[in-house]
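If you check TrEMBL, you get these features:
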- 14-37: compositional bias 'Basic and acidic residues' (COMPBIAS)
- 123-132: compositional bias 'Basic residues' (COMPBIAS)
- 205-222: compositional bias 'Acidic residues' (COMPBIAS)
- 1410-1435: compositional bias 'Acidic residues' (COMPBIAS)
- 159-266: domain 'S1 motif' (DOMAIN)
- 473-548: domain 'S1 motif' (DOMAIN)
- 565-639: domain 'S1 motif' (DOMAIN)
- 659-727: domain 'S1 motif' (DOMAIN)
- 746-820: domain 'S1 motif' (DOMAIN)
- 842-911: domain 'S1 motif' (DOMAIN)
- 948-1024: domain 'S1 motif' (DOMAIN)
- 1056-1127: domain 'S1 motif' (DOMAIN)
- 1143-1212: domain 'S1 motif' (DOMAIN)
- 1237-1308: domain 'S1 motif' (DOMAIN)
- 1328-1399: domain 'S1 motif' (DOMAIN)
- 1-76: region 'Disordered' (REGION)
- 98-145: region 'Disordered' (REGION)
- 203-222: region 'Disordered' (REGION)
- 1407-1435: region 'Disordered' (REGION)
- 1483-1515: region 'Disordered' (REGION)
Amino acid sequence: MAPIKRQANAASKSELKHSGEERPSKRQRKDEKENKGVKLTPVNGAPEQDSKRGKPITASILLKEETSFPRGGASVLTPLEHKQIQIEATRDVLFEQSGQKRQVKDADSADEQENGTEVTKSALKKRKKAKDRKGSTTQEDEEPEVRIEGLSYKRITPGSIILGQITQISANDISLALPNNLTGFIPLTNVSDQLTNRIEKLLAEDEDVDDNEDDDEDEDGSEKDIVLKDVFKIGQYLRAYVKSTSDESTPTGSARSKKRIELSVNPREANTGLSISDLVDNSMVQASVISVEDHGLIMDLGLDDGSVRGFMSSRELGQNVDHSKVQEGSVFLCLVTGKTPKTVKLSADHGKAGIIKKSHYISDAPSINIFLPGTAVELLVTQSTPAGIAGQLMGMLDVTADFVHCGAGHTLKDISTKYKVGSKAKARIVCTFPTSEKLKLGVSFLEHVLSLSPRLTLDDSTEKDPLSILPLSSIIEEAKVKKVEPGMALFMDIGLKGFSGYAHISRLSDTKVETISATEGRYKFDSIHRARVVGYNPVDGLYILSLQQSILDQPFLRIEDLKVGQAVKGKVEKLIINEQGVSGILVNLAEGITGLVPDVHMADIRLQHPEKKFREGVSVHARVLSLNPEKKQIRLTLKKTLVASEAGIWTDYNSISVGDEALGTLVKILDTGAIVQFYGDIRAFLPVSEMSEAFIDPKVHFRQGQTVNTHVLAVDLQEKRMTVSCRDPTIFTDNQQKAYDEIAVGDLINGTVSEKLTDTITIELLDSTIKGTLRLGHLTDGSAQKNLSSMKKIRDGQTLQDLVVIQKLDKRHMIVLSNKPSLVKAAKTSSLVTKFGDLEIGKDLKGWIRNIDAQRIFIECPGGLVGVVFRSHIPPEMLESPNFSLQKEQSIIAKIISIDPNQQRFCLSLKKESEASTKAGSNAPSEADVLINPVDGVSRSIYDFTLGKTTKARINSVKSTQLNVSLADKVYGRIDMSEAFDDWEEIRDKKHPLRSYKAGQIIDVKVLGIHHARTHRFLPISHRQGKIPVFELSAKKKTTLSDGSDILTLDKVEVGSSWIAYVNNISGSRLWVNISPNVHGRMEKMAMTDDLTKLSNLSEHFPIGSALKVRAKNVDVATGRLDLVATSVTSATPWSWESVAAGMVIPARVSRVTQHDILVKLSDTVYGPVGLTELDDDYNAVNPLKYRKGQIVRVCVLSVDAENKKIEFSMRPSKVLSSSLPVKDPQILSLEQIKVNDVVRGFVQRLPEKMEGILVALGNKVIAFVKTAELSDSYIKDWRPEFPVDKLVTGKVVSVDPASKQCQMSLKASVVDKDYVAPLMFHDFKAGQIVTGKVRKVEEYGVFIVVDNSSNVSGLCHQSQIADHKVGDVTKLYSEGDAVKAKVLKVDEEKRRINFGLKASYFRGSAADSESEDDDQTDGVILEDSDNDSDVDMDGGVDLTNVKDINFNEDNEEEAEGLTEEMEVGEVPFKKPVHGLSTSGFDWTGDSLARDDPDAASNSDASSTQDKKKRRRKTLIQVDKTGDLDRYGPQSVDDFERLLLARGNSSELWMQYMAFQLGLSEVDKARTIAERALNTINITEEEEKRNIWVAWLNLEVTFGTDESLEEVFKRACQYNDPGTMHEHLASIYIDAGIRNSSSGTGLSNPYFRKAEDLYSTMLRIKSLTATPSFWINYATFLLTTLNDPARAHSLLKRATQSVPEHLHTHLTSKFGALEFQSPNGDPERGRTIFEGLVDAFSKRGDLWDVFVDLEKGELKRGKGSVEAVRGLYERMTKRKMKSKRARGVFEKWAEWEEEIGDAKKAEKVRARGKEYFEGLKKKTD
């Protein structure tokens, strides 16, 4: 290895004398004087090392004392040195303010702390050891691991050197992409010294011009303007030196500042530290061009030794650089290829320099200064981790590559296997780290950085710029997470091969994302998200993504996303006001994008007070006038004429043609006309003669800024000039019109040249104002050069004679002229063809070439006639030449060979012998047209097959849609299926009509025309393509064809006419059919057949080629559309409310399917539901989900209410098919059909909560009410789940009142069923009785049996009573659900327990013994409501899951009395409703309005007694509900209105009224009622008003839209506490999500997702976050609803930071209880929380009670243990308690022991209680 030169790059002695830290700018403290020093480091940031000790060399600030002050008060310090001192002083102040003791540097540890960073713990330990061993001279330091890090804004300091790539070039600076998604800017003056000199020279020349404006100057020697785009190119790699970093505030004034990095690419700074000795082969140096020579470039290397120059050969510039266009001052990153003492050979060919496999890299170097960014190196890998790579150069210089630049960011794979520790690898240096403690460099292993080339992607096997495939601002619908950097960012698959997306954690959501994980959460591995590209860094090769919804919704991210002429929306941001008033408006289009509206574009008229119309924040519609992305300028217009205009948008001269119309704005008015500005830079001149039909003064009649409608008169594309006119082209005076009408095509006229453009001449006819145009190609018959020569000779004002009129443009009143001598001669001899009637076969036609393609030549002649010459009629010598040796508008003569009068077409020939093939010539056909073996035996040539000719054809093959036939050898034809049969009866097989024909059969045919294979249509017989065409034929015998008018066309089809159609194609739910070869129509699914069963499989019942009898429903010739129908009932127009009548049976389309009904549509306006009762005659077969959207069904119209747009349908087979079909459940349309004692069936309807009963739909409008007492003979604990919506029930009518429209039913089996047998009760069982039952539960000690046909009576069969022999394992004999027979052994009336026996000996000789023993394998059910069936726990007792009602009051330690009482068998324990977060649905009855606040409850006896008294008093108060109403409450609108007269302030009544309207599907009326309620309820009744708001929100969530909900919610927050309204809305969302569980679970459910977004919003409301209820509700939602324990657990820490400290205990206990209560909770975590609480607050009896109740609840759910409960009681009784409290604890404990069946333990507890009280008594005595 070559010796390493340690260059300090420090200043010389004279420079050191005035070093930046030689003396301080202020008085120093003692410790600063002793310990502060100046580190002598190279400019690239490497600290100087002592070669002997390996420690940094430091120098004191007071190295040399200054003896005197300089004269004039000037400082000897440079500005940079002042800056360093200022930074050091600021750092000291910061340390003093923060209260931290600053670590002191000594001479041996100066490099341990830089730029104010704290010393690491390991460094402190080493320093301590060093001080302890101060006398020791040898010390061995431990080498720490190199920290792998990448470049960041914080690590960039002035003096950093970075490799970058040019991404954007503007007029004043250059944007340079830096590693790790950073961007720097290079000002114009930071490029090179040579470029700076050129700028100074330009400025000096400008000053000279200003001083000598009247002098003549020689322009040849002046400096050219500097255009940076000519100096640099996009994608060029450069080495940049950081000049400064700063934060710039954004234009919008947001708090988030924009980071700005100022760079310099000047070689003097970019090559800092380099000397001539450092420049070795394969090193990289930056150089600027001094001069451009013939063979190469003289380069400035920026070295201290100015005599050394670089030379770069012209061959070393690279492929894309033109040596002659290189400018002085250009900068290149060059590879050193050789050197002499004064010259260094350079190469800027990065294609060569990037090949570093075998060369062009450095492994050894004379100095570490050579390792600058851009240099390729070979390094030794010392660390290889998934997060990056670390290595060393020459065994002592550390280098690192972060996650992106080691390659893992692109492959998203572990690269540690690719780069193994100890191996060597090649990389390229990309940056330096001047602030690192030890000299360290950043490198890159990316392929495009190694090769110094742009990163490309493959698209269709071609390399392309990735931004051309996935541009900025693109939205990626499915971006998949492939790598998660915890707490930092996501790497995502964006669907572009080889490229990844990078989404920083700050760009994942609009709300703050605390953390991200690869295994859980929304952003876990492989999760898919919608993302938007917000940036691309070519150095990293990464797309920058954002997942923020605000970014996704933003219409534009950059100015480049806008288009000129685009209509946009925005908001007025600011008015620009000057001394003249409002001079402009700034309109904000998107975040960071603002456009300017000039004063002339504010409105179509001049506004006197624009500030009144355009206030800040007002939304406006605008259109983009122009864009300047380089200057970030957008010009807009607010003129309604331009914004709302549908006229063309002119943005390019090439897209503008003469005659085009568009709106423009007058920007300048002259005496001779005006300048009109369009979009972009498109301008036109409006002559004064074209401003109006009459002569006007432009300055009087027009104003600047006026919008005018113009049309183009002339366009000069080369000069980019255009002339327009405002004159109405349709207005023509009588004299002008008369003169124009007198001109005919073919006339010879004279005219004067009025305007001459590049390729057209405007001619004004003599003695007339009519204008004509003469194109360049019509000046002569000669070549293009001859035409150009003639054009040059023509001058403005020159008179041209004998111009022939070749076309008249009637719409523009212009004529097209020609000066071709051949046409002029023909016009003079009257032989010029000017109309179709002048054509004759065999005659010569004089014209010009209009167009040429590969197969044809189109020839135009005067009058707009165009003929075609096919390739077969082009001379052979012309076929081999490009474009057949012809050019457009070239004069030509061709012979007419065929004419088609019907289609106005004719064919030509350029062959001389073509006369022989025309009808006017000889009858002998050419050899190519002679028929061989004609089928008819008569025809000689293909020209014999004329329109209507009858001949014979041989069938070659039979297809489903056509017959392929031969007319002769190699002469083919086809017969379309629509031309095979004359009438319907002739078709034998309607599905396969053409099967009646056989191959080889000879049939009679008629010639229709020529078949066009591409369009599948036929052409006229004269339009032949190729030598041998395919003929279109007809096999119809009754068809007569005399001319082309006999062929059927679409305009001949009349609405209502009948046709035979043949299926040609099936597309989705539509048939495409043919009624002739060239007339096609379509049939919608509902119009295909009356038999709807056929519509389920179109391909089976309507195969391709099948025949149908159809009628024309709609004919649109303009669009070529024909609609056909095949049903018996049809209408020419869609169904309307007026055309539909009751009793009609018609087909309809299913448009929506739900579990409750289906919605069918007859048309876009007529649609209605089909209820469950109308789906089938047998309710057992009713299943709406068997229908699918788009299915066609037959419906019967029951009733029509056209005024209210309501219609009722029925799909009962007895209604739509046949009335004779059996009906199991008759149709009930009114209450008159029902009688008392009728047994009917119906479906349970949706009903509001708290209604004491259910509603049963018996018909569409017939609803019966079933009271709770009439639901079942037995008591049902929770009856609502037993009667879900849409459940089919059977009941007996008990009362009917048609007048009041009320009907009541009973569902009791004892009422409905005549053979009803009452279930057995407990008192019915006697010892010795034999019963049957099912195993409910199996335990080790026995089985629990529930008796059949009983009221949930169950008992225990002990293990000893199961069999006559000993039973070892009971679980092997029985399982839950097994059917058994048992004998009642014992009935305990007092404890209400039954003991059973299953021994076989019990049944010997009994009647039950004969029963089958195989019945014990049937399935059974598990009894859940039995209580205390044995001496062991039977899951009975009280459900204590509701612990939220227990209030934690520290002053009250007494136990609440008697939570439960003894229950009878079958009795359901009362459950107190759980408060906090309620997701059980909205209570429309208002019964829940009197709920107690769980946070305000009290456990004291006094308060409890007081509450009980209050509740008793409330029950005594009876409200008179207007005694004139019946006992069923209000049942009509009148009933509600009468009640509201007396109870106008009752929110309960108003909500019932809203529910009544919603039950009738009158959503709008319910909204009106809510509005009325808010206006009616007294303003002092805040609670009542709030209830209405909550009801309205629930209505909008269920029935409204997002917009209507947002409007109501905003209003609710204005009139109520916003926090309360947010909580209510969250509960409503959760309730809706639970009810609509079919929409998904978790965040896939739209309602849960909305609730989550709302909670995220609530987190920012401080008034909410200070209440414990908010955090408890949020945690309940996360844990129970979303099943996200991790997020729920993390809330407790955040909650304690927001909730006041005195509520922390209450909050923590709620979180602990939630862990027990929630099905997704962790009871162990709950126990840990409560253990901490009772340990910290051991005297809080309420905490102990809650803990015990929760453990009891766990025990009842089968998850807890008896010992856990006993353990808590044990601990409570061991602490000090008041006597009353102790008595309650012991009583509770004893009662619980009895409940679980341990009487002995209960007695022990009571005895222990006595001892406790005796001890208390003794202490008192």
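Each residue, glycine too, has its Cβ placed from N, Cα and C.
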- request: Mind tallying the domain 'S1 motif' (659-727) by DSSP state, helix then strand then coil?
  value: 7 helix, 34 strand, 28 coil
- prompt: Should the domain 'S1 motif' (746-820) and the domain 'S1 motif' (948-1024) be scored as in contact, given a threshold of at least 3 Cβ pairs under 8 Å and pairs 6 or more apart?
  reply: no
Task: Pull the DSSP breakdown for the domain 'S1 motif' (1237-1308) and write it out as helix, strand, coil residue counts.
output: 7 helix, 31 strand, 34 coil
Statement: Secondary structure of the domain 'S1 motif' (1328-1399) by DSSP, residue by residue, totals 6 helix, 37 strand, 29 coil
Task: Could you give me the DSSP helix, strand and coil counts for the domain 'S1 motif' (1143-1212)?
output: 9 helix, 34 strand, 27 coil
Statement: the domain 'S1 motif' (948-1024) resolves under DSSP into 10 helix, 36 strand, 31 coil
- prompt: For the domain 'S1 motif' (473-548), what does DSSP give as the number of helix, strand and coil residues?
  reply: 3 helix, 36 strand, 37 coil
Mean per-residue pLDDT computed across the domain 'S1 motif' (1328-1399): 89
